[in-house]
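Features of the protein shown, as given by TrEMBL:
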- C:12-34: transmembrane segment (TRANSMEM)
- C:58-260: domain 'ABC transmembrane type-1' (DOMAIN)
- C:62-84: transmembrane segment (TRANSMEM)
- C:91-120: transmembrane segment (TRANSMEM)
- C:140-159: transmembrane segment (TRANSMEM)
- C:202-219: transmembrane segment (TRANSMEM)
- C:239-257: transmembrane segment (TRANSMEM)
Amino acid sequence: MENASIIQFVNVTKTFADDTIVLDNVSFEIERGKFYTLLGPSGCGKTTILRLIAGFIEPTSGEVYFDGKKINHLPANKRQVNTVFQDYALFPHLNVFENVAFGLRIKREKKSVIEAKVKEALSFVNLSGYENREISEMSGGQRQRVAIARAIVNEPKVILLDEPLSALDLKLRTQMQYELRELQRRLGITFIFVTHDQEEALAMSDEIFVINKGKIQQSGTPIDIYDEPINRFVADFIGESNIVKGKMIEDYLVEFAGKRFTCVDGGITPNEPVEIVIRPEDLEITKKGAGKLEVTVHSKLFRGVHYEMTCRDVEGNDWLVHTTRKVDVGDMIGLDFEPEAIHVMRFDESEEDFDRRMEQYTEEEANG
Amino acid sequence: MREKPSAAGKTFLIIVFSILYAPIFYLIFYSFNSGGTMSGFEGFTLDWYRELLGDTRLLIIVLNTLVIALLSALIATIIGTFGAIGIHSLKKNKGSILGLNNVLIVSPDVIIGASFLILFTIAGMRLGFYSVLLSHIAFSIPIVVLLVLPKLAEMNPSLIDAARDLGASSWDVFTKVIFPYITPGIFAGFFMALTYSLDDFAVTFFVTGNGFSTLSVEIYSMARQGISLNINALSTILFLFTILLVGIYYMLTQRSGLRIGGSFRR
Amino acid sequence: MDNKFLRNLYMVPYAVWIIVFVIAPILLVLYYSFLDIHGNFSLVNYERFFTSVYLKLTLSSFWYAFLITLISLLVAYPTAYLLTKTKHKHLWLLLIIVPSWINLLLKAYAFIGIFGAYGAANNFLEFIGIGSRQLLFTDFSFVFVAVYIFIPFMILPIFNALNSLNPTLIDAANDLGASRWTTFSKVIFPLTLNGVKTGCQVVFIPALSLFMLTRLIAGNRVITLGTAIEQHFLVTQDWGMGSTIAVFLILIMFLIIRLTGFRKRGA
């Protein structure tokens, strides 16, 4: 029976020549047939993970497994993965057909096989008829597709995509997000996608790994990560958040902005200092005195679909609010929110501890 | 900014260009002089050309020069290209290797000639064809390196990653990716090596021995004896040959999108 | 390990070249500079170098190289500047470079004819009423021919520097009220200084060591460091003294490169 996981990192550390640690004891598993995203700011180590999988670099310590076999020292040209590079890395001296055929020619496939496979790959990315174009004659979006065709034509088990959409303009990027997701479903193979764009990650992925400073901060489905960020970094990096300091009074009761609020989090020591996350879209504007918080409108920006306002409460916390209601700067208003909108984060909680706590108190809830 | 040169400016340019080309056309003009000197044109003749073509010794020297130039340029291009790839792949000491590379480019010809003369003498080598060939290879290698390196530097390093990712072995990477990419630089290097060799006088003058001569050395010894219109006839032919080379070079640069020109002029 | 060795095999010829043709010759010249004419180890060559004869020779060599470089620069800068203003400037530039590809000896030989007693130059002097005079074998003819030969190498880097100058900078200078001269001296010249340095370097060092022209055109009236080296190596067979002069020439060369930075022809 085939193992569900195709790639496994076990305690992988990567340091560069000048002793900077790019990856710090990272372990994870990648399953077959899913769309993964490695998300993080530049320099966080996400591209290093990709290059370790591709075989361009070797881990300093730890093990990398592919299909159950250790591949630490397997050179890149012997691995069953293919990469779509950030700058596409298309060979400028070869035309579209030859670029796509490159891998097949290396494998010395038959001429007829090459022709058929290249044709199929190009039609997969909607580039049929472009076989004889030079790379220099292709637009950015078309080059992107050639790069994808060049990777998928080799029928790899995993495709690695290193920020492939970052050079495209916004409209094209959105379109390619759909196309890539669709392509992954049709091919049914694993995609590992690297990006620093959280919206892209949320829109496309089955699973997201949020990475910072060489460590995986949190992994999970887009909804999990958005709704239950494990720490300030994740909350801040994914979407827009209001993060304020608070104190856990007891299970399901938290104090911040000088007041106590019912919430849905538990399993935290009483009186432990915590951080509170409330997403801007979860804040509802009410008349003065009618909400849970009293704030003054500080500034206002028109964003097209909504206004983006910063409001300040009596304790000096800033609250970002998205609203379609018209309020003026200087107005005193109330902010209302549901208990479910409050998300409590402990300081320095690891992903394992977080998962354990979640399991525990959700169980308690079910039993009680 | 893009104002046209003034009348004075144009005059200046015309003077510069006419001084640059006057000696060349002066030589060509008198190559047809039946008078036998480079003053006082007496009548048109092709005698000097006839005499030149009949001079087997000189023709052998021309052949020697061409053989040395082509062979040395070819070998220097091969060694220099691999050298450039090696330097490019270095992580440390790139600067000092490049420094050593450039020594022969900035060294005056006399120093190169004199030091190679010592070298060949110590090595017990007979001075002649091989010492000249080795010298020409030696002073052409650095220029090839310098013309190939920029092409390597401008090559996107992820192209190599991409090739390996697609299953290419080191050899595949070299033949299918690196080599085609740097070809313009290699051609430019070969071409420069060729002109370095054809143009060289001083180094050859030092390291050649009895019985072997190149055109430059031969012209020098002829010129020291005074004027002979054979030399004029020869220079006319060489001038036409140069123009031909320039034409080919120009076409090459045009075809490869001025890439060679770019690296040459840099 | 074996694989790594094989992978680096292609570098071997280049490495051999560096050792045999770059490092070894310099060391050999240094070694020979300590040998007297009988092949004994001594400092006599260095003592001789610091006598008035050789110091004078060095000074005059410097003086001529300086003159040649200066005149080349004075002609080349305006030429390069005017060239950037022409239509088809790259074609004109190519036409400037073409004469530099014609064998040096042939050009020198042409001047033997032109500067000869009945040559074109004297005809011209005669025509404008100055009357003919001895031109060949003078230091004037030496400097003239040397400038003629080096000028393309001076024009090329200056042209490239001027050509890569961002034209908006000149607009900006004008906009800020700079006169033409101020624009030139405060903006254009400083920004093309690297080109000028390159040009000076590729003219000055070879000018110090010219020896063929000194014989053919200057008729041994001018003796440069290059002539002296050639003389010692090929005429008097005193390799030790020749090497000593070469050592100083190499030192001067490194000093100049230190001062101006390494540059390729046309950089």
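Placement of Cβ uses the backbone N, Cα and C atoms for every residue, glycine included.
Just so you know, TrEMBL annotations are computer predictions that nobody has curated.
Of the two recorded stretches, the transmembrane segment (C:239-257) does not lie close to the transmembrane segment (C:62-84), with fewer than three CB pairs under 8 Å once pairs fewer than 6 apart in sequence are set aside.
Counting residues 6+ beyond its ends, the transmembrane segment (C:140-159) has Cβ neighbours under 8 Å at 64, 67-69, 71-73, 75-77, 79-81, 83-84, 93, 96-97, 99-100, 104, 107-108, 111, 115, 192, 194-196, 198-200, 202-203, 206-207, 210, 213-214, 217-218, 221-222, 263, 265-267 in the same chain. Same-chain residues lying 6 or more positions outside the transmembrane segment (C:202-219) and placing a CB less than 8 Å from one of its CB atoms are 61-62, 64-66, 68-69, 72-73, 104-105, 108-109, 111-112, 115, 136-139, 141-142, 145-146, 149-150, 153-154, 157, 225-227, 229-230, 249, 252-253, 256, 263, 265.
Counting same-chain residues at least six beyond the ends of the transmembrane segment (C:12-34), those with a Cβ under 8 angstroms from any Cβ of the stretch are 41-43, 45-46, 239-240, 242-244, 246-247, 250.
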